[in-house]
Each structure stands twice: as structure tokens, then as C-alpha cells.
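J.: Below you will find the structure I want to go over with you.
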Amino acid sequence: MQFEKPAAAASRRAPTFQANPAADARQLLGALLPRRPALRHVLQAHARLAVLGLATARALPYLLAALPRLPPGGAEACYSYPLSLFCHSSAASAFASNHLLRALPHPLPLRLFPRLPRRNPHSFTFLLASLSNHLLDADHAVGSSSASRFLGSHVHALAVKAGAAGDLYVRNALVHFYGVCGNVEAMRRVFDELPLVRDVVTWNAVLAGYVRVGMMANARELFDGMTVRDEVSWSTVIGGYVKEGEPEVALRMFRNMVMQGLRANEASIVTAMSGAAQLGLLEQGKFVHEVVRRAKMTVSVNVGAALVDMYSKCGSIAAAREVFDAMPRRDVFAWNSMICGLASHGLGNDAVELFEKFVTEGFSPTSITFVGVLNACSRTGLVDEGRWYFRLMSEKYGIDSEMEHYGCMVDLLSRAGLVQEAIDLIEGMHIVPDPVLWGTILSACKRHGLVDLGITVGNKLIELEPAHDGHYVLLASIYATAKKWDEVRKVRKLMSSRGTSKSAGWSMMEARGTVHKFLVGDMDHKESVQIYNMLGIIDRRLAEAGYVPNVSSVLHDIGDEEKIHAIKVHSERLAIAYGFIVVEAGSPIRIVKNLSVCGDCHEFSKMVTKVFSREIIVRDGSRFHHMKDGKCSCHDYW
């Protein structure tokens, strides 16, 4: 195929091509259309063919083949175009029929199928794909899944009757369909029926089906039994482990895949970054980023957003901002990740400034965008700004307030001491308040010494959620602050009688290529002796510098000396001591906690950074604490 540019064209004139007389419509379409054409591209190409006199009935099926899958709920004109192409084609072939079925959304393919003049086994693959896509698209009405399952079984029966059920592509479509609708029994039955009619796509479809319903043990057993795996096989299982809350296993599998020489695809890259972000392990995240660099992968919008999210959640907000600023194109997800990341690191003013830039560049905020902005205001004490954005969300952008937005506002007002305003906001909500909101009020009562209100709210919460350990702990803490030890014992006894126990706090850090996890008073680490010796050195140096432990968080009526001993072995202190042993001077000690840091450990950590000139970064259950030179990024406002 050869094209010649016009000899002399004005610079402002759109570029054109002249077709070689020997060229046919199929070759011309290949030159005119992008790799993944949209409907408008096909319409433009059709117009070009018409101008060149090549839009013949014989050429129309190739236009039909170039059409993308049209979205559900489209305009009538959107669907009439492929139907018109089909009707005006001179050859009513199976080729044209199948591409018509592929382009149209559910339920049109099922309605048209009986009237098609020509069909072949592939026709069933497009029917099943239509049903599978229907299930995978946006939320559907109740009963849609069961109806689609019935229709898919009907198509399966038709394929058997037509003698097409033994075709590899039909079987792959069947396995995929049953996996999408969650019918793993039927999925496995189709997979097992003809062991010789399988390829890696078949195996991957079964893997995806197990992962979709959370059956990771079955998925892993199948994966381990595969004789041939591709990058889709690995990314499916890696994504499954992340989805099921096992990011450690996912990251091990990702590393194993890379070590075996397989090229990671975008899906595995994004899910591995998500796993590192969940754990807050920077070195793991850097490993995934290095895989991207070595493979010279293009940092797509999805990969860029995942990198921003990973670096933010792993405590390196500077690296997150560097990636964000370097992205040639950003979508809303990338902006949201950066805004939320700045908020979680206590950089509220920066987050608000970035939001204003986001709007200036013409983007429309989403519900998540406002969660980030309101969280930024909450973490930085920007009360007036928070009120303003909360109103702006609904009044200008028409976004209804959800539980997360109310949570940010209640947190903002409570931290600022405006507890009554926070209560008024909860009582005026247009949706039923989540107990978490009242839990925020209870935390504020403890913080601001509102004993009577705290007791009322605490008892209310225990009635609402009798199995939630945090409510008992906070109520007991309020009683302990007021020296009401009998009430503390009653709460603890009630907690015990209901089979509820306090969640064990742990701290985790990454060192020497290994993840280390510490519990309070932990003696299981292989270097426990050195850790406790180092902790003793730290304690002595801090005492000389004037540090005095605050034992108010110990909810036992015991002597101060015993309380001090209880605090001294909190998990983050053991992690800090181990960091002194294994993290070289000049590098920050990074710690991830599952619970919020207690007041005394927060003060202890700040003193360590001042006395020993070390930097400590702690990601607790709600935010980051960057501690350096005796100060914390939260400004003691958490």
C-alpha cells in the first residue's frame, strides 16, 4: 500500500492522502485507523472511503470489523450505524454477523442471533462475550445476574446442539462466562470435560473465576499445576492475593515472577504497587518501580497513579510528588492520589493548593477528591476552609455528602474542640450515621477531657456495636483519666464477658530485605537481646535529656513504676531500637503501625530524633508522622 502526499498544500490545510489505484478498502482502513479506534474514527474512515469511491458493499464488513464494542445505553443512532453497515453489505457472511454481535451491547446480540443469515462456532463466543461484558459493566438491577446466568446456559445449550461446544474458543468463552457470573461449579465442569481442548487462555479464565469469588486456595492449586504460564496467569494470582488482603504473598509472587525472567505486564505492576502501598513498605515498592525502569515501560496514566499512591502510602511523599510532576498526562485518579497523599502526610495547605490547581486545569472533582481535601483540612486544623469545601461540594458540584465526607467534617470539628457542632452535624445528616462517627466524638471526649459526654457516647456505642473492642477501650480510658478505676474494671469485665478483646497492636519495619514485625513486649525476634539492650541505652539517654513518661494511656490501677514498664515495651519502641541496629545513620527509620500511636510513644519518638539526630517516619492507623529534630509533621495535632 503506497500513499503520496499532495505536492503543494497550504500549511494550514489538514493533511490528506491519495490512494493508489491498486489499493483496496481493507488496506486503506489499516492506514487510516488508529490501533484502538473509537466510533468517530470509523465514521471518519467511512467518509474517506466514500470520497475515494471505495465505500462499496464489499468494503462495509471491514468497517464493521473495525468498530469498537459500543457501550450499553447508547443513543439509537449509535446502534443504527452498525446495523446499517450489516444490512448494506453485499456478503452476509459469518464474518460480518460475528462482528455485528461483537459491536452491539447486551441484549441486542441475543435478539439478532436467530435472524442472522450466516453463523459459525465463533458466533457463540460473541454471544457469551456480550453476556460476560454485561455482567462486568457498571452495577445492574437486582436479578440481572441470575437472568444472565440463565441466558448463558441457554447459549451453552445452543452451542452443544449446533456441535460447536467442542471448539476451543467457544469453550474459553464458556469458562470465562461462568467465572464472571460466579458459577464456579459450571466453570470447572466445562474446564474438566475436554482436557485436550485447552490452552493457556482456558487456564487463565479458570484462575480469574476462582479469584473473582475469593477462592485463592483453589486458584493457587490450579496455578501450581499449570505446565505453561504467561504474564496474565501471574498477574491474576498476584491481584487475587492483594484483593484478599494478603499483599505479602502477592509481593513474594511478583518477585518470583521477575526472578524467573517473565516480563511483568501493567496489571501485575499496578497490583504489586497496591500491595506495597497496603503494607507501607518502601523498599518493596521501589523494587516494583525498578522493574518498570529496567523494562523501559512507558509510565501510563494507570502506572503513574499507582506510583503516586504507593510512594505516598510508603512514606515518601517527595518521591510521590516527583512522579506526579513528571507525568506527561494525568487523570483524575492521579490527582486524587496526590491530594489524598499530601493530606495523609499533614501537608494540608499543599493539598488545598493542589486542589485549586486541579480545578483550574479544568478537571471536575469527584467524591474521592473531596474526601482528600476535607481530610487535608482536618489534619491541619483548617476549620473555615473545611466548612467552605463541604458546602462547595454539594452547592457547586452537585456531589451528595457520603459517610466519608461526614467523617472528615466530624473529625475536623472534634479535633478543633467544636464537639457540639460535630454532634449537631451528625444529628442533621440525611443518611443514617455510621457508629464510626460517634467513635470520633468519643475520641474527642477523651482528648478534650469531656468525661460526662464521653461516658454517655461510650455507653451508646457499646450498645450499637457490642463486638467492637475500640469502644470499650476508649470508654475505659475516659474513666481512667477521671481516676474512676471501679468503672474501668466494670468496662473491662463487660468486654471480657462478651468475648471481646483489645486488638493487639503491632509495628512493622523493613530491613536487610526482610519484614520484621513486633508486638508489645515481644521476645520472639532472633535479635531480642540486642534490641532490649539498645532500648535500654535509648531510655537512659532520653532520661538524661529530661524525658518523663506519660502513663495516662495505661488502663490499669497499678503503680506508676509498673505503668512505666508497660509503656517502655510498646511495639514501636522495639522497632525503633531495632532500627538503630540495622538502619544506617542518616537514613530514616520507617515504621508501620496498625493502631494509632499513643501519646507517650509519640513524645518518646520525637525526643529520640532530637537526642540522637535520627529521623523517624511512622505510618499509624490514620496518618503519617514525620519526626525530625524533636518535632513532628502533625504538630501534635492527631
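Even glycines carry a Cβ here, placed using N, Cα and C.
A TrEMBL annotation is a machine prediction, not a hand-curated record.
As annotated in TrEMBL:
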{"type": "REPEAT", "residues": "199-229", "note": "repeat 'PPR'"}
{"type": "REPEAT", "residues": "230-264", "note": "repeat 'PPR'"}
{"type": "REPEAT", "residues": "331-365", "note": "repeat 'PPR'"}
{"type": "DOMAIN", "residues": "546-638", "note": "domain 'DYW'"}
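Could you place the listed features in the three-dimensional structure?
T.: Taking Cβ pairs closer than 8 Å, the repeat 'PPR' (199-229) reaches residues 168, 171-172, 175-176, 178-180, 182, 184, 187-188, 191, 236-237, 239-241, 243-244, 246 in its own chain, all 6 or more past its ends.
Residues 200, 203-204, 207-208, 210-211, 214, 216, 219-220, 223, 271-272, 274-276, 278-279, 281, 284, 287-288, 291, 295, 515 of the same chain, all 6+ positions outside the repeat 'PPR' (230-264), place their C-beta atoms under 8 angstroms from a C-beta of that stretch.
For the repeat 'PPR' (331-365), same-chain residues at least 6 beyond its ends with a Cβ under 8 Å from one of its own Cβ atoms are 301-302, 304-305, 308-309, 311-313, 317, 320-321, 324, 371-373, 375-377, 379-382, 385, 393, 397, 399, 623-624, 626, 633-635.
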J.: I'm checking region-level scores; what's the whole-number mean pLDDT for the domain 'DYW' (546-638)?
T.: 83
